[in-house]
Amino acid sequence: MSASKIKKIAVLTSGGDSPGMNAAIRAVARTGIYHGMEVWGVMRGYSGMIDDDIFKMDSRTVANIIQRGGTILKTARSKEFFEPEGRKKAYANLKKRGIDSLVIIGGDGSFKGAQKFSNEFDIPCIGLPGTIDKDIAGSDFTIGFDTAVNTAVEAIDKIRDTADAHDRLFIVEVMGRDAGYIALHSGIATGAENILIPETKTDIEELVANLTEKERRKKLVNLVVVAEGDEFGGANEIARIIKERLPQADTRVCILGHIQRGGSPTCLDRLIASRMGYHAVECLMTGKTNVMVGVVNNKMHYTPLDKAVKAKQKISEDWFKIVKILAS
Ligand code: ATP
């Protein structure tokens, strides 16, 4: 498909949801319509493409959604799309409407599916990184990360209030199965005494020594922020060990869970989602296809879809030095 011929774009959200997806849908729809294209919405990710749940959007369809969390297109994971038969059905449903390009807002799994689909059916695809974990190569930001971190910060601040009132040690678990960015950013921003993340080896002896030393100095209010994917286990496992080793500490666990996925997107998430959505359409128009649109050093950055993989980025030792010094 030659880029100049693109007339009908379909947009979908796939994989885990993240706040700001609506802002990205809105940007794709309005930019496409501005350039005289038809824009179609696909419900529930690749499932809707296979089940033919596809509708034409207009400017009004995306009115009043920039501030809303979740995704008006819903999202899903589709087993059928892994199979050639499923992708064939999906293609037939696009073809009967003359849809000739696709914008996928999701994670690296969704991009893998898009790459396969594009290779098989000559449909140009553009990916936008929609994930709260910020763990995709090729972008300094992902849609939803900033909101998730701010939600975590707000919750941890509240936990600190009650921890302070009772002189308690709280182990707070935040999301991040493979990546510790939410833990690292929210932990530093709330003055956590310790931050445990999958990218670094958790030394439980060091943690116990650190808490013991703080106790000796009568610093009884302590917050440990742990990413759910820390190799040592989540907050419950860490608390179990601490209770064994420091039975005198009043230790509590709080698992923040799915509240981190919801809520009204922050200004930053709305901005990057709007910018990425706008550039997705620009890419299709200029022939830059099968790429993920990212932002690196505040400039648009394009990564081939097959290179936009989950990336465990190296976290600078500096961060941990900051935690140690500032939470002393
Ligand atoms: P998250 O980061 O939230 O997990 P994701 O996009 O990585 O988002 P996945 O569950 O990995 O989420 O993928 C979403 C959907 O993309 C899958 O349910 C499937 O339909 C499609 N998909 C993923 N990988 C492939 C693949 N290798 N081939 C075909 N389709 C795929």
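Cβ coordinates come from backbone N, Cα and C, glycine included.
Quick look at what TrEMBL annotates:
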- 8-284: domain 'Phosphofructokinase' (DOMAIN)
- GLY16, ARG77, SER78, GLY107, ASP108, GLY109, SER110: ATP binding site (BINDING)
- ARG26, ALA27, VAL28, ALA29, ARG30, ARG160, GLY191, ALA192, GLU193, ARG217, LYS219, LEU220, VAL221: ADP binding site (BINDING)
- ASP108: Mg(2+) binding site (BINDING)
- THR131, ILE132, ASP133, ARG168, MET175, GLY176, ARG177, GLU228, ARG252, HIS258, ILE259, GLN260, ARG261: substrate binding site (BINDING)
- ASP133: active site, proton acceptor (ACT_SITE)
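As a whole number, the greatest separation of Cα atoms within the ADP-binding residue list ARG26, ALA27, VAL28, ALA29, ARG30, ARG160, GLY191, ALA192, GLU193, ARG217, LYS219, LEU220, VAL221 is 58 Å. All protein chains shown were included, and the count of other CB atoms within 10 Å of the CB of GLY191 (ADP binding site) stands at 13. In the three-state DSSP classification, ARG252 (substrate binding site) falls within a strand.
Across the structure, ARG252 (substrate binding site) and SER78 (ATP binding site) are spaced 38 Å apart at their Cα atoms. The number of other CB atoms found within 10 A of the CB of LYS219 (ADP binding site), across every protein chain shown, is 14. If you count neighbouring Cβ atoms within 10 Å for each of the binding-site residues SER78, SER110, THR131, the highest count belongs to SER110. Taking a C-beta cut-off of under 8 Å and a sequence gap of six or more, ILE259 (substrate binding site) has these contacts in its own chain: THR151, ALA155. Within 10 Å (C-alpha to C-alpha) of THR131 (substrate binding site) lie the following binding-site residues from GLY16, VAL28, GLY107, ASP108: GLY16, GLY107, ASP108. ARG30 (ADP binding site) sits 24 Å from GLY16 (ATP binding site), taking the C-alpha atoms as the reference points. Taking the Cα atom of each, MET175 (substrate binding site) and SER110 (ATP binding site) are about 20 angstrom apart.
Within 8 Å of the centroid defined by the CB atoms of GLY16, ARG77, SER78, GLY107, ASP108, GLY109, SER110, the record's ATP site, lie the Cβ atoms of SER14, GLY15, GLY45, GLY106, GLY113, excluding the listed residues themselves. Recorded residues SER110 (ATP binding site) and ASP133 (substrate binding site) have their alpha carbons 15 Å apart, per Cα-Cα distance. Here the CA atom of VAL28 (ADP binding site) lies 23 Å from the CA atom of ASP133 (substrate binding site). Nearest Cα neighbour of ARG261 (substrate binding site) among the listed binding-site residues (GLY16, GLY107, GLY109, GLY191): GLY16.
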